[in-house]
Amino acid sequence: MAKVLAINAGSSSLKFQLFEMPAETVLTKGVVERIGFDDAIFTIVVNGEKHQEVTAIPDHAAAVKMLLDKLIRYGIIRSFDEIDGIGHRVVHGGEKFSDSVLITEDVIKQIEEVSELAPLHNPANLVGIRAFQEVLPDVPAVAVFDTAFHQTMPEQSFLYSLPYEYYTKFGIRKYGFHGTSHKYVTQRAAELLGRPIEQLRLISCHLGNGASIAAVEGGKSIDTSMGFTPLAGVAMGTRSGNIDPALIPYIMEKTGMTADEVIEVLNKKSGMLGLSGISSDLRDLEKAAAEGNERAELALEVFANRIHKYIGSYAARMCGVDAIIFTAGIGENSEVVRAKVLRGLEFMGVYWDPILNKVRGKEAFISYPHSPVKVLVIPTNEELMIARDVMRLANL
């Protein structure tokens, strides 16, 4: 038995899960929020019970020390030596990483080199890696990249129709995100379908505050909706998704905003928040729409419409589809969005059951047994995917 920590470090947060492998049992999980503040919040779940403490946590290294001390204090481990491996989520691996990798100084250097592609996320992920190196220097650590799964996309999927040298000189191309999630749910779908993944054409819909769709053929990503950044693709909670690029200078001219300010609007004030004027939270929008708010209903329709179009596009791209998967916060829990997305797809063999579609947050088929195209809800488990990669790469 091995104990493996799965870590997701943000700029002021640290999410963690401790697994016993290979049984894949979750021993504990939690989050440290507001790192760098005097009122940081440490939350840990032990035996289903949530424990919380508000205290000063000056930096990520202090958060790591506190986490390990708590694991001992709550009797989850007896000493630091019981941690056999650590897996770190890293948002962007560029073209350098097509798989998870054991962390070395050279790997850290390469992650730093691609950090300009994810300036909000990669530096924070690296801070988490460094913090664990400081406290547990001899424990093998693995970097698991959100972009790696999509490195199997062919050129016709990942290239933009821009001057080719923009790709060769500046690395401008589609990278795609949520790869760890898309990989987990498509592998799980193959298990639930009882068919080898090599034979399947799957469309994975990761729908959370950030949302992306992936076409997965034979277990490999061949296209995905997000692009060079996570701003592209479908409309999201606060992100615009795809727009006409000529709108950026037009908006600058009309509003007097700078390019950076327009990008800020596209990232943080657009999507369902921008359309509804109410909220980026789908639960608020569903409630408002049910009460007759037309703009909330419009935001939901736009969100579903964009996903619906990607499903049709990817079915054409793969010359058919065997199953459609819904995952992440909205995909797992919103029967309203799933119904709007699936509406009208009968022409391609999608027949779904409104009763089965009431499922929330657990694995289920929501298509009729006779439906040629199966529809599944599969809660994502990126942390488990990270732990599995640690086991594989650290030979635990």
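Including glycine, each Cβ sits where the backbone N, Cα and C put it.
What you are looking at is a predicted structure, and each value in this text was computed from that prediction instead of being measured.
Going by Swiss-Prot, these are the annotated features:
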| type | residues | note |
| --- | --- | --- |
| BINDING | Asn8, Glu382 | Mg(2+) binding site |
| BINDING | Lys15, His206, Leu207, Gly208, Asn209, Gly210, Asp281, Leu282, Arg283, Gly329, Ile330, Gly331, Glu332, Asn333 | ATP binding site |
| BINDING | Arg89 | substrate binding site |
| ACT_SITE | Asp146 | active site, proton donor/acceptor |
| SITE | His178 | site 'Transition state stabilizer' |
| SITE | Arg239 | site 'Transition state stabilizer' |
Nearest-integer angstrom distance between the alpha carbons (Cα) of Asp281 (ATP binding site) and Arg239 (site 'Transition state stabilizer'): 12
Three-state secondary structure, Glu332 (ATP binding site) (per DSSP): helix
Where the residue listed as 'substrate binding site' sits in the secondary structure, as DSSP reduces it to three classes: strand
Between the residue listed as 'substrate binding site' and Asn209 (ATP binding site), the C-alpha gap once rounded to whole angstrom: 18
Chain-internal residues, separated by at least six, CB under 8 A from Leu207 (ATP binding site): Ile307, Phe326, Thr327, Ala328, Gly329, Ile330, Gly331, Ser334, Val337
Entries of Asn8, His178, Arg239, Glu382 which, being recorded positions, have CA atoms within 10 angstroms of Arg283 (ATP binding site): none
From Asn8, Asp146, His178, Arg239, Glu382, the recorded positions whose CA lies within 10 Å of that of Lys15 (ATP binding site): Asn8
For the recorded positions Lys15, Arg89, His178, Arg239, Arg283, the one whose C-beta sees the most other C-beta atoms within 10 angstroms: His178
Cα-to-Cα gap, the residue listed as 'active site, proton donor/acceptor' vs His178 (site 'Transition state stabilizer'), nearest whole Å: 5
